[in-house]
Amino acid sequence: FLGAGKPPMFGDYEAQRHWQEVTYNLPIRQWYFNTTDNNLLYWGLDYPPLTAYHSLVCAYIAKLINPDWIALHTSRGYESQPHKLFMRTTVIVADLLVYIPAVILYCFSLKETSTKKKASICALCILLYPGLILIDHGHFQYPSSAVKFLSIYKVTLLGLALWGVLYLSYDWDLLGSVAFCLALNYKQMELYHSLPFFCYLLGKCFKKGLKGKGLVLLTKIAGTVVVSFAVCWLPFCTDMEQIMQVLRRLFPIDRGLFEACMFSSPPPHCKLANIWCSLSVLIKIKNIASPQTQLKLSFAVTFLSLLPACIKLTAQPSLRGFKFALVSCALSFFLFSFQVHEKSILLVSVPVCLIINEIPFMATWFLLVSTFSMLPLLLKDGLLLAYTVTMLAFLSVCTTSFSIFEKTSAEDLQLKQFSLSLKGYVSWFKSFPKIVRTLFLLSVTLMAVLSLMSATVHPPQRLPDLFPLSVSVVSCLHFILFLVYFNVVILWDSKNSRSQKKIS
């Protein structure tokens with residue numbers, strides 16, 4: 001297991017430091033190319049241009065403090081307490097400037113949180129989400145970890161996406177488009193949220209009429225998107241080869257369907273809670289299908305799974321439907337798309353945080369499962385105590401603040417219309433709240449037992465990955481049920497229809 005202080009890769013800490021070294025010392029045209037000064041096999045840049053610019057800004061600051069931190073070649077594997085303090089500071093600054101303000105402003109903008117107290121409680125629950133805390137301030141705080149994803153980029157990405165949602169909630173469509181374009185140019189994983197943004201804005205244009213105000217709005221949004229992308233990509237538009245090389249670095253399809261497993265140690269089984277890794281226990285997809293076939297298969301399944309929510313959102317655009325579609329589409333990407341990483345569940349969890357005030361019971365349940373799904377990674381980083389404390393704290397705060405066990409009726413879970421459509425066929429809807437609470441308690445108990453066994457029990461020698469695999473499969477089953485639930489809420493949502501007059 002390669003980590004800090006261990007050549008040849010030196011771990012996650014070295015990855016971000018090396019990006020600063022590359023962007024500062026090399027001309028832009030060499031950032032994404034393999035050269036004598038830029039070995040792409042050694043933590044080569046594989047994030048979009050905006051991330052590279054962020055690294056360059058950090059590099060200029062690092063140069064002022066200590067030039068040795070980013071010296072070309074000679075700084076490889078550099079570690080010191082002042083440099084670690086600097087790197088941690090970059091994460092905290094990203095939190096304070098981008099993510100936390102977006103969360104607070106969003107909660108205070110909600111109509112449901114009519115008082116400052118309710119808005120503060122909502123913001124507290126979101127900021128206490130254990131998954132992001134553990135990844136941001138535990139796994140990503142530059143420990144001896146060799147995992148490739150980096151905290152400063154993850155939290156900035158999520159913050160930019162939140163700003164996009166915030167702007168759209170105020171009907172500032174152009175600013176929302178800019179914020180989302182910046183997020184997409186910061187990390188390609190923001191594609192998880194791209195279709196809801198596109199369908200919501202397109203639906204608004206349709207409702208306004210494409211022969212009048214709708215056409216004007218569509219033209220403005222299209223121009224905003226083109227300008228935003230042009231500004232981000234301008235230095236790489238000198239020739240087509242530059243553009244294609246950046247795209248090849250961003251989407252390395254040759255790695256195959258289970259790219260995330262390359263970072264497991266050891267990697268005999270996938271420890272990711274999506275459908276492909278769960279199925280790989282029974283069907284060795286990598287052995288029977290080429291990378292190109294895997295890509296086509298994952299694309300087809302992902303597209304079909306998110307199509308219903310996107311069609312509904314385009315036909316009936318509403319802010320509420322947009323937020324639920326963000327969850328549904330992101331979850332479809334996580335479950336079925338190509339080259340997913342276990343921490344990509346954060347791209348689903350943050351949109352779930354945005355609707356915690358509307359469906360507190362299901363949102364709390366999902367956020368607990370999403371954190372549990374990353375347990376093997378958290379245990380590897382020695383975060384068992386932090387995992388236990390943050391999970392219990394989050395559950396306690398949500399239970400106290402939202403009284404989640406009192407909000408399990410079909411109406412509270414946004415399933416009233418669905419239940420009415422099945423009233424003549426399904427009799428157990430009368431006892432629906434009791435069934436849901438029982439399932440929740442069974443789920444939490446199962447997660448607690450698996451967490452305890454993963455941390456204390458040695459697996460059989462012939463099944464060394466028994467517990468990580470169990471965590472992944474159990475989490476995957478939860479996520480599939482959640483996907484069905486969110487799609488049912490979206491498709492049977494009558495509130496979207498009532499909101500059309502306001503949008504028109």
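Glycine residues also receive a Cβ, built from the backbone N, Cα and C atoms like all the rest.
The feature transmembrane segment is assigned by TrEMBL to 85-106 (among others).
Look at TrEMBL and you will find 118-135 (among others) tagged as transmembrane segment. Sequence-distant contacts of the transmembrane segment (118-135) (same chain, six or more residues past either end, CB-CB distance under 8 Å): 100, 103-104, 107-108, 110, 112, 151, 154-155, 158, 343, 345-346, 349-350, 353-354, 356-357, 367-368, 370-371, 374, 378, 383, 386-387, 390-391, 393-394, 397-398, 401-402.
Annotation source TrEMBL lists transmembrane segment at 215-236 (among others).
Summarising the annotation, TrEMBL assigns transmembrane segment to 321-338 (among others). Listed as Cβ neighbours of the transmembrane segment (321-338) (distance under 8 Å, sequence separation of 6 or more from its ends, same chain) are residues 165, 168, 191-193, 195-196, 199-200, 253, 257, 259, 274-276, 294-295, 298-299, 301-302, 305-306, 309-310, 312-313, 344-345, 347-348, 351-352, 354-355, 476, 479-480, 482-483, 486-487, 489-490, 493, 496.
Annotated transmembrane segment per TrEMBL: 345-372 (among others), in sequence order. When Cβ-Cβ distances below 8 Å are used as the criterion, the transmembrane segment (345-372) is approached by residues 103, 106-107, 110, 112-113, 118, 122, 125-126, 129-132, 134-135, 154, 158, 161-162, 165, 189-190, 192-193, 273, 320, 323-324, 326-327, 330-331, 333-334, 387, 390-391, 394-395, 398-399, 401-405, 407-408, 412-414, 436, 440, 443-444, 447, 450-451, 471, 475, 478-479, 482, 485, 489 of the same chain, each at least six residues removed from its ends.
What TrEMBL records for 384-405 (among others) is transmembrane segment.
What TrEMBL records for 439-457 (among others) is transmembrane segment. Among residues of the same chain six or more beyond the transmembrane segment (439-457), those with a C-beta under 8 A of the stretch's C-beta atoms are 361, 365, 368-369, 372, 375-376, 379, 384, 387-388, 395, 467-468, 470-471, 474, 478.
The transmembrane segment annotation in TrEMBL covers 469-492 (among others).
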